[in-house]
Amino acid sequence: MIRVAISGAAGRMGRALIQAACQYEGIALGVASERPDSRLIGSDAGELAGAGTLQIPLVGNLREHGDAFDLLIDFTQPEVSLANLALCKDQGKAMVIGTTGFTPEQRQEIASAATEIPIVLAPNMSVGVNLCLKLLETAAQVLGDEVDIEIIEAHHRHKVDAPSGTALRMGEVVAETLGRDLNQCAVYGRLGFSGQRPRESIGFSSLRAGDIVGEHTVMFAAEGERVEIGHKASSRMTFALGAMRASQWVSGKPPGLYDMQDVLGLSKKVS
Ligand SMILES: NC(=O)c1ccc[n+]([C@@H]2O[C@H](COP(=O)([O-])OP(=O)(O)OC[C@H]3O[C@@H](n4cnc5c(N)ncnc54)[C@H](O)[C@@H]3O)[C@@H](O)[C@H]2O)c1
Ligand SMILES: O=C(O)C1=N[C@H](C(=O)O)CCC1
């Protein structure tokens, strides 16, 4: 049985993760944590998530509960994830990170910690999105430089980072396949006299509205036809169950930085 800690337990994903941990075979909830100043500290994690009473009260300091978990699942915000990363490194725990919005320097910090502990880092843990990442490689290979590529994503009004981590990953996959540097060719929104579109641009558009769980479309548009590869999430359980699958897969693995492509056996990496 893998005992997981869930950080950000009262958040939108935290609650879905508690529910998923309760129903996933081979996984047990060990600890659930929230901001130390949260008024929910002490309340029962299961009741909070609508999963029944678990007798697991929310804690504010995970460091004091290292003996209650083997692996930490973190869907919070970048600074919190990095504090949790330091804890996992110190205590030799595996980590599954779903948080998005990391700077390149923060990603580097995660990569360097992964020389000491096993980490799955993925901006989207749904099987469908990870299948889309594979389909995008094929689409970019076949359609190549003959098409305009635009990535459109839509999320709920509470989301704080843009473009979404998934949209950026989709852009990276397409750019890598086409031998482009995303830092050079990405265009984030357009306004005013933006000029004609250079063919090599990869455009990003972000919508924020209501309770949209997460939608992504990558458009490959030519003269006379266009291909769209898209995904719509209708429940956060799809991400939460993906995180459980990642937790089970990464437990006992050697230190390394893994992603959902590795978890699902879709990776091109030679291991
Ligand atoms: N990888 C994926 O599949 C996937 C899916 C959905 C969301 N996400 C990402 O997960 C992150 C969280 O999303 P959300 O919608 O659940 O956000 P949220 O704001 O609802 O939840 C974050 C929670 O973290 C808590 N928190 C803040 N400081 C903390 C601390 N020091 N210790 C413990 N908890 C702390 C907050 O109080 C909050 O409850 C975002 O970055 C989002 O983009 C990733
Ligand atoms: O709700 C969110 O926030 C989501 N964020 C991820 C991203 O940024 O790609 C995945 C989908 C949900």
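Keep in mind that glycine also has a Cβ here, set from the backbone N, Cα and C atoms.
TrEMBL lists GLY8, ALA9, ALA10, GLY11, ARG12, MET13, GLY98, THR99, THR100, ALA122, PRO123, ASN124, MET125 as binding NAD(+), and of GLU34, GLU150, GLU153 the one it places in that same site is GLU34. Under DSSP, residues within the domain 'Dihydrodipicolinate reductase C-terminal' (128-264) fall into helix, strand and coil as 54 helix, 37 strand, 46 coil. Screening the recorded positions ALA10, GLU34, ARG35, THR99, ASN124, LYS159 for a C-beta under 6 A from any atom of ligand 2 leaves ASN124, LYS159. DSSP gives ARG12 (NAD(+) binding site) a helix state. Comparing CA positions across the binding-site residues GLY8, ARG12, ALA122, the one lying closest to LYS159 (active site, proton donor) turns out to be ARG12.
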